[in-house]
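Remarks on the structure that follows.
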Amino acid sequence: MKSTSLKPTRRGFTIVELFVVIGIIGLLLALLLPATRGSREGVRRIQCQNQLRQIGLGVHNYHDIFNSLPSCSSGNRRSGLIALLPMIEQAELYETIMAPLTIDGQTYPAMGPDPWVETYEPWATQLHELVCPSDPADYSRPWGATSYVFCIGDTTNIYHQQEHHRGPFSPGQWTHLHDVKDGTSNTVMLGEILIDSQVIAQTSAELANAQLCFDTKMESASLDIAARKRGYSWADGAAGPAMFNTILPPNRPSCGLSGTEAVDGIYSLGSYHPGGAQVVMADGAVRFIAEDIDTGNLSQSSRPASSSDSSPYGVWGSLGSIAGQESLEY
């Protein structure tokens, strides 16, 4: 008599079942990967925020010691970030710059050579606390880059009308916090930019109509006014590398007169954070400025005549002026 086996028959996956499993795994990965990327960007944004906050604290420490804000550009175009080095835990680098330095037989004077000199080692030092972690900047460069630049208010006359400076910073000017009549919580002090973003060449008449810069297409590198672009060096205090004005919203073009980095222009904020860019206010608070912030009527050919005029550039322009006495709601 034959016995009947009670063992279950083994059965493998069918091709259809295999594809179903692969599809489910793929769907889960598709759902998880964006969340992971978003989480990482969130961490980078917080780190960037903390770096801005530390620079803002450094500005206040400088003010406590010298009874003024640093100039954003002084001497032979040296950036205000140099003066802030001791305030952001870079005192050793600052002392190196303040003393004569011999490199490969070449002796450089105290305070260093021109900030664009490639062979001066301090200028080549990359300070990671000056670069937003979200910016995939190329570090194989002759100079140390920066994501963080000074607010010069809502004027395009950066170098030619310094006596009527509109923002908390201006070349060759040292502002006191009591000059900030609009209130430190209502005034932008520093903000972030996209390292190596270009500056488009425009005429003086075109710069008077900010809408023309707003509408400029960024694809044409032939329109770039200078080889050294936005944020290329933390040591260079020229307008292109080191400043921004509160005219166009974040992540819009920057436009300047043809020539060099040190020209009048419209210099915009920018970042790799979705939807806008971060700034530190004159009271030390860090805020996120959205790309759709009110900028008034950009088409009007209007430039504020003095430091006490109201800004023509809406909420964003008002946040950049120190004494426009505007009423802000944002």
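Note that Cβ sites are derived from N, Cα and C of the backbone, with glycine treated the same way.
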Message: Of the ranges 57-76, 257-276, 297-316, which one does TrEMBL flag as region 'Disordered'?
response: 297-316
Task: Tell me, roughly as an integer, the mean pLDDT over the domain 'DUF1559' (40-295).
output: 90
